[in-house]
Ligand SMILES: Nc1ncnc2c1ncn2[C@@H]1O[C@H](COP(=O)(O)OP(=O)(O)OP(=O)(O)O)[C@@H](O)[C@H]1O
């Protein structure tokens, strides 16, 4: 029940539908009680005394009751359906909003397939239960209540004897629920493992095919599919153990009724019509009991799903704006970035960056150079407040970023990542992603600066060309140029190029950077690059090794010192003839 208590904000607002659905259902159930009474009347007052006069009226009454009951059932289903759809709609939107709110640390470990199954299959199970299942469970209670009262008023002794098996039935049903619930929880988990396998396979299809690992993927999927199947068989086994027992207990009541009821008719304590009415009433109670297993199944599935959706909704958000956070005003931001003795480690890991300090006044260009895993991207992530820094301080325009509204901080920064993600939309929409109000002129201007305009114009539909997921159909360099245009359109105060030109040739890189120079006047830029050529003009180059700054300065002074920078320089320029303005540099030597 805890699950449904926590879900209350999502369904209680729709209480008018809940009450309307319950009311119509109760009316339909109550109308169902008219049949046994009509039967009794028919036998005792029509057939026995051979008095056929009321038969036409009786037939009309049956037609009327059946129609009204059907209409009430329809209304109950109609309101229930509305309720289920609205609750699922709210939950879906809340889950999606939560996914947007969750910060980077959550996504470091999240599995796409698992999240997808929470937002689809689990929400569907909740919708089914809240919309229809709940009404069915309630119907069972109403039938037992109404039917029980009617039987008691007819012959309370026979009622008590007949219903003696019912408590056992209820007890077994509760035991069944306890056993089947964990099985359903595991089943949902197994389903989400399976979805994850499918999703990863589709996303990584190029890698799978290029390594010819299709059979491995099939095996991986088969294992997960088998896990799901095992869980289903497990649930079916529990079902098979309990269901015959529940059936048997239900039938015991019928047998008892026939024995004791028959005796009471012989003793003339009961009329024949009453026994027949009793017989139909007992089915009125036992009928829904057949379905109790199904309803319990429905309930436990939705409970397991509710737990999974709530787990997402209650997920801790690592990075969020503090109360009274300062909102940066785009027109007044200067883009002065400062790192002071920043040390940071990812959860359960050695520090990724250690004691990082630098000052980047507005308009400066900071270059970051270092081997794989040396901490370059981490510095950028920290600047974006993707993770909470506990040691040291990062400030923008003198304000500690922990005090800044996260959204407004990130709005000042535009990043071009190493890997470009393009949405399944037109090139125009992809470029305008950071600023949906951008005009076509602005989009084209950004594309021209990013050297993307020419190849876009060569595409059959130009800027309206649709790019598939992950930008299928475009080369790596073309995708990167679109990403650069997307960053430029934002007109950011802080621009981050995280190995942004790695996929374009040297000549294009040079052209793009010439474009940047014009655009970046007065803005702070961070360039992560492996090519010295990209960093040469930086105001300060930070050379990183294992998270520490091991060298810093301008290109000209760094190549005059022995150290990693000059080593990289020598490797990259080894085959190039020496120019007059460059010193002859021996590895490890001095100029
Ligand atoms: N999301 C993460 N969770 C845990 N550890 C991480 C995460 N991202 C990076 N790391 C670790 O932090 C260290 C620094 O990584 P970082 O990505 O900053 O290096 P990098 O210099 O940008 O490398 P590359 O040039 O390969 O992109 C590495 O040891 C890496 O394994």
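Backbone N, Cα and C define each Cβ position, glycine as well.
Note: TrEMBL annotation is automatic and uncurated.
Not measured: the values here are computed from a predicted model.
Feature annotation from TrEMBL assigns domain 'ABC transmembrane type-1' to 19-301.
What TrEMBL lists as transmembrane segment is 56-80 (among others).
Residues 11, 21-22, 25-26, 29-30, 32-33, 36, 76-77, 80-85, 87-88, 159, 163, 166, 281-282, 284-285, 287-289, 291-292, 295, 298-299, 301-302 of the same chain sit 6 or more residues outside the transmembrane segment (129-150) yet have a Cβ under 8 Å from a Cβ within it. Annotation source TrEMBL lists transmembrane segment at 129-150 (among others).
If you look up TrEMBL, you'll see 156-176 (among others) marked as transmembrane segment.
Annotated transmembrane segment per TrEMBL: 248-266 (among others), in sequence order.
Positions annotated as transmembrane segment by TrEMBL: 272-293 (among others).
Annotated domain 'ABC transporter' per TrEMBL: 337-571, in sequence order.
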Do any residues, 6 or more residues outside the transmembrane segment (56-80), come within under 8 Å Cβ-to-Cβ of it, and if so which ones?
17, 20-22, 24-25, 27-28, 31-32, 34-35, 38, 41-42, 46, 131-132, 134-135
Quick one: mean pLDDT on the domain 'ABC transporter' (337-571)?
85
